[in-house]
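One structure is given here, and the rest of the page talks about it.
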Amino acid sequence: MKVLNLGSKKQASFYVACELYKEMAFNQHCKLGLATGGTMTDLYEQLVKLLNKNQLNVDNVSTFNLDEYVGLTASHPQSYHYYMDDMLFKQYPYFNRKNIHIPNGDAYDMNAEASTYNDVLEQQGQRDIQILGIGENGHIGFNEPGTPFDSVTHIVDLTESTIKANSRYFENEDDVPKQAISMGLANILQAKRIILLAFGEKKRAAITHLLNQEISVDVPATLLHKHPNVEIYLDDEACPKNVAKIHVDEMD
């Protein structure tokens, strides 16, 4: 597991955007696992700049999002469908829509939708890169504490802490969905390479637990210790004291 403090959200996001760009440039049929939320905004902004500058052919790139709120239509401003369109797919409108995969949070039968999305993941095979954030309680995707390590795509009852943390995106806390559909922990670990981003002081405790705690369902992110190719990029605020700071221009 590689852990680096790149100083700022902007610097870390730029570095990871370059990693995604290189993957798409050198592997035109690559499969990318994508994440959403406030952590990822600079990442997509930087990636869009790189794509637009170089007019990269992404017609054969496939994307797979981690999760979606249950009960929100794709057109809802707080849905992750809307987020991805707003942050990436409309900003660089050359991705093939048939290769964009995001769980449907407004399906009639959500358990059937979870099964269908899991089938898609299994049929498409390993993602080349999986992008992750981390919740303040150590969740990855929407896999809350207590989620079995062998879980696949499923419906999640969100914890009070997650609902409260996400309430800043809604008019009031009562508007935050109480459930989500999420890739399971087993799905996440199927990726060839995992890149986790964490920014801000509120994420420091979760990162400290991830790095120092034994693998436990109480902190789902600790399962990443079982994966052979994990990279964690932090800013100063999220970084535990024992992780040295490095500048992007010092990296290979």
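For all residues, glycine too, the Cβ spot is worked out from N, Cα and C.
Lifted from Swiss-Prot, the feature list:
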type: ACT_SITE; residues: D67; note: active site, proton acceptor
type: ACT_SITE; residues: N137; note: active site, for ring-opening step
type: ACT_SITE; residues: H139; note: active site, proton acceptor
type: ACT_SITE; residues: E144; note: active site, for ring-opening step
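Annotated features taken from Swiss-Prot, shown on the structure.
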| residue | record | contacts (Cβ under 8 Å, 6+ apart) |
| --- | --- | --- |
| D67 | active site, proton acceptor | T36, Y80, P103, G141, F142, A180, I181, S182, M183 |
| N137 | active site, for ring-opening step | E144, P145, T159, S161, T162, A206, V219 |
| H139 | active site, proton acceptor | P145, T147, T159, T162, P220, A221 |
Protein Cβ atoms within 10 Å of E144 (active site, for ring-opening step), excluding its own: 21
